[in-house]
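Features of the protein shown, as given by Swiss-Prot:
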type	residues	note
BINDING	Glu156, Asp189, Glu250	Mn(2+) binding site
ACT_SITE	Glu156	active site, proton donor/acceptor
BINDING	Glu162, Asp189, Thr190, Phe191, His192, Arg221	substrate binding site
ACT_SITE	Glu250	active site, proton donor/acceptor
Amino acid sequence: MKNPVGIISMQFIRPFTSESLHFLKKSRALGFDFIELLVPEPEDGLDAAEVRRICEGEGLGLVLAARVNLQRSIASEEAAARAGGRDYLKYCIEAAEALGATIVGGPLYGEPLVFAGRPPFPWTAEQIATRAARTVEGLAEVAPLAASAGKVFGLEPLNRFETDIVNTTAQAIEVVDAVGSPGLGVMLDTFHMNMEERSIPDAIRATGARLVHFQANENHRGFPGTGTMDWTAIARALGQAGYAGPVSLEPFRRDDERVALPIAHWRAPHEDEDEKLRAGLGLIRSAITLAEVTH
């Protein structure tokens, strides 16, 4: 079974509002099987029913990406922020139901990046352990709710320059196993794995059945095939892990402060990128097919 391949909505625009609905049809026209949409904020004014109608009509699947922050962090020292984090993750379940999505992925626990306005702060080992325990506690509360609704959260490790607690695949596995709910799995992103893992294929195989979402990104966050990633080995590892779920492309390329600031990305091109997207999609699909026929 071939994995569905999708594109993140930030490739086109952010925020994604009711004025952005034409990008759903564009994603399908480019050949993608699904779109990875940021969980809409109430102020975005997105009509969930209309999004669902268009996606169903186009045969376009939907995956959601959570947006945590300082005010909604289940790892926070502040009780109000922890409550905000739990409430937000519960809202993500509701949004997934309204939009017709099953997977909600992301770091989930909040407070990533100094670039997003968080002042640098040297966590001690004890503080990080406490934050990790709070993360497990918070996810243990919301993951069963997701499972009951037929949804699943994907906990994404981010590299050491962007967050704490979960930087590696092994750390994500540890949290997921500690929670022990079918409503929580692991989400992997090759951009971050390229910095943190000694072997990306080995990390994928170690994740195994815990893997619920996968992002195929180059080492420089550009289009697949323009960097150093060994897509054949990565696709083969996905097959060996028994992963048949969605594979999303996430090239952060927009000249937009709402994208650039949180990820410290300053070099966005100004040309039409549709052909690069098609080529990247074709490369990932070919790698998956090759892995299947040579397995």
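The chain as shown is numbered from 1 upward.
Just so you know, glycine gets a Cβ as well, placed from its N, Cα and C.
Same-chain residues with CB within 8 A of the center of the Glu156, Asp189, Glu250 CB atoms, the Mn(2+) site residues themselves not counted, are Gly105, Gly106, Leu158, Met187, Leu188, Thr190, Phe191, His192, Gln215, Asn217, Ser248. Here the Cα atom of Glu156 (Mn(2+) binding site) is found 11 Å from that of Phe191 (substrate binding site). In this structure the alpha carbons, written CA, of Thr190 (substrate binding site) and Glu250 (Mn(2+) binding site) are 10 Å apart. Asp189 (Mn(2+) binding site) sits 13 Å from Glu162 (substrate binding site), counting Cα to Cα. When the binding-site residues His192, Arg221 are compared by the number of other C-beta atoms lying within 10 angstroms of their own C-beta, Arg221 comes out lowest. Reported as a whole number, the C-alpha separation between Glu250 (Mn(2+) binding site) and Arg221 (substrate binding site) equals 7 Å.
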